[in-house]
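Quick look at what Swiss-Prot annotates:
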type	residues	note
DOMAIN	39-148	domain 'tRNA-binding'
DOMAIN	401-476	domain 'B5'
BINDING	454, 460, 463, 464	Mg(2+) binding site
DOMAIN	701-794	domain 'FDX-ACB'
């Protein structure tokens with residue numbers, strides 16, 4: 001909001017400078033965006049009277065004038081402005097004057113005629129961009145007076161950012177209230193006395209939507225002269241607030257809007273059929289607006305209508321048919337309170353944002369309408385003449401906002417502010433803010449003023465007290481708190497530690513939306529039901545994710561489309577699985593997922609560009625599982641997954657419980673998702689891994705280790721992992737390492753069978769093992785494999 005400093009000082013005039021006033025307004029919570037002079041720097045410009053005005057003998061577009069500036073003689077000045085005429089009061093730059101831009105006025109001859117000064121336009125004095133003609137001052141302007149003094153051009157404009165909760169400050173009165181409260185000064189309101197009706201003319205008003213319009217005031221004013229000139233003082237106030245003067249009727253309603261924050265509208269009375277009806281539009285109903293555009297209305301749009309058609313979009317924009325024009329003689333003034341919810345969003349729907357909608361959406365003082373209509377009536381009659389009828393007031397009191405009654409506790413006030421403010425001062429601040437205050441022991445009960453509908457809870461009062469008391473007056477007190485050393489379980493593995501390990505292995509962390517495209521998710525999890533949002537951000541973000549892979553694979557595609565061929569990404573976060581046994585029917589699991597694509601290594605002169613495979617990601621995952629201390633309890637089992645390659649994927653089990661999966665993305669899915677090349681993914685339930693096995697210290701053997709290799713032939717479908725586990729189990733006391741180092745099938749091995757070459761490392765912590773003991777342990781392993789898997793030693 002932009003306003004004139006002098007206009008504000010008409011309401012409240014603290015004895016402080018403009019800069020201090022701007023700082024004070026900012027500290028009161030209304031951030032000042034800028035303070036600017038209303039006119040350029042100039043001197044030597046005075047009020048003059050055009051005594052004579054005649055045609056220049058040598059130029060068609062110039063006039064020769066004689067100007068009275070209160071001196072000993074009349075000044076001869078040549079002027080080219082089309083509006084220059086005899087009897088006009090003008091702004092005269094006399095010889096020696098300096099105008100903005102360091103332009104000095106000198107005596108000169110123009111086409112043979114002497115000119116002893118210049119008649120100035122607004123643009124030449126850097127007051128506005130209006131350069132169509134010279135300034136026309138009021139007829140009663142005193143001759144010879146400095147124009148800067150006469151027009152109060154030592155004024156400044158102050159522009160503030162008004163937060164949504166302070167709609168009461170979208171008018172001079174609201175800002176003035178805050179300045180008055182801070183400076184403990186009275187508020188000086190202009191004359192807003194009731195205008196006594198001089199005629200009995202009224203217009204019937206009916207409100208069919210009282211919830212949307214709890215109060216509607218209308219007043220007939222007849223016999224006005226729309227062609228009357230808006231007084232210069234009003235035009236200047238409007239200009240300094242960034243409003244262009246249009247005609248006196250519109251200027252008056254804009255003036256009241258800026259002064260009181262109450263939007264108003266004037267209808268051409270003679271164009272209203274029957275009476276005014278405040279109602280909701282019918283779906284598809286059309287209204288031609290003041291700017292000539294046609295608006296197709298929805299059923300939730302509030303309109304002001306007569307008995308035949310809509311006249312205006314309530315609180316937003318007037319209609320062309322009932323708008324005031326040069327032929328208007330009789331008007332209906334409207335001053336209403338519209339429920340903010342009935343206005344919010346309607347203007348944007350039609351690509352509009354007006355001063356009225358801006359205020360109504362945030363809220364207008366429901367007790368302001370009578371004051372506004374009386375103020376507008378007085379100004380309109382003073383400028384345009386006419387006679388006013390009585391005010392017609394249609395109010396549904398039960399639908400008007402109720403003033404909140406709030407209890408403020410001393411304990412809460414001191415705790416939130418961190419400083420004790422004397423009770424007398426607290427009471428005084430609340431009363432100066434307009435609250436009705438009742439002191440209840442050490443506490444207060446306050447009724448918020450009608451214009452402060454943002455005061456609703458106790459914290460609002462605490463904020464107001466601190467704001468007016470002054471944040472700078474609250475002493476800085478160092479925060480004192482006991483440092484509590486929390487216990488850390490050795491078994492707890494930090495997710496951050498795992499993330500760091502992945503980053504160390506060349507991965508980058510991704511953070512994707514929990515809202516995903518249901519179509520893409522259905523490709524990954526065709527058998528699982530997803531949670532669909534009733535109010536999604538967009539159609540492709542309308543489902544809650546069942547796994548992290550939907551977002552990660554989308555991130556891979558996004559990066560591949562931007563020339564990133566080698567990718568290593570991981571993410572941790574929640575998945576949302578419908579589950580009737582869970583709270584609210586949704587099970588939320590913390591998941592950890594990763595994806596790799598492209599080449600195994602970055603481009604290097606000494607390394608071949610090898611594509612990644614299943615085992616690259618499996619190795620990285622095993623490194624993470626090693627941190628948990630549970631790698632020995634983890635099994636990778638061949639199981640089908642709809643999103644993964646059937647021959648290059650595995651389910652992950654921990655102590656027999658399924659916790660995730662790993663594998664190459666199915667080729668068909670790669671095609672549908674536009675993935676470029678082989679992509680390998682994993683996902684595990686982090687909460688199953690967060691408690692790690694605490695490492696147990698054991699003695700390092702000082703005795704030599706012995707390695708024995710065996711090759712056993714087993715059926716193709718026997719997992720090598722089961723073979724290794726059986727060897728560990730049988731040789732538990734002496735076998736300290738078991739490793740698979742070769743797999744062979746083909747010549748020399750029967751069809752349907754495979755040969756597994758296994759190394760056994762044997763060692764004892766107390767002595768050196770004898771050859772007979774080693775052979776016996778190896779024999780036990782072979783026998784166990786024979787009994788369980790029908791294995792045989794390969795020749």
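Glycine residues also receive a Cβ, built from the backbone N, Cα and C atoms like all the rest.
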Helix, strand and coil counts within the domain 'B5' (401-476) (DSSP):
33 helix, 14 strand, 29 coil
Mind tallying the domain 'tRNA-binding' (39-148) by DSSP state, helix then strand then coil?
5 helix, 48 strand, 57 coil
Other CB atoms, at most 10 A from the CB of residue 463 (Mg(2+) binding site):
17
Based on DSSP, tally up the residues of the domain 'FDX-ACB' (701-794) by helix, strand and coil.
30 helix, 32 strand, 32 coil
Which residues, in sequence order, are found in the same chain with Cβ within 8 Å of the centroid defined by the Cβ atoms of 454, 460, 463, 464 at the Mg(2+) site, excluding those residues themselves?
165, 452, 455, 459, 461, 462, 467
Within the domain 'tRNA-binding' (39-148) only, compute the mean pLDDT.
91
Give me the long-range Cβ neighbours of residue 464 (Mg(2+) binding site): same chain, 6+ apart, Cβ under 8 Å, in sequence order.
429, 430, 433, 455
How many other Cβ atoms sit within 10 Å of the Cβ of residue 454 (Mg(2+) binding site)?
18
Within its own chain, what residues at least 6 apart in sequence put their Cβ under 8 Å from the Cβ of residue 460 (Mg(2+) binding site), listed in sequence order?
406, 454
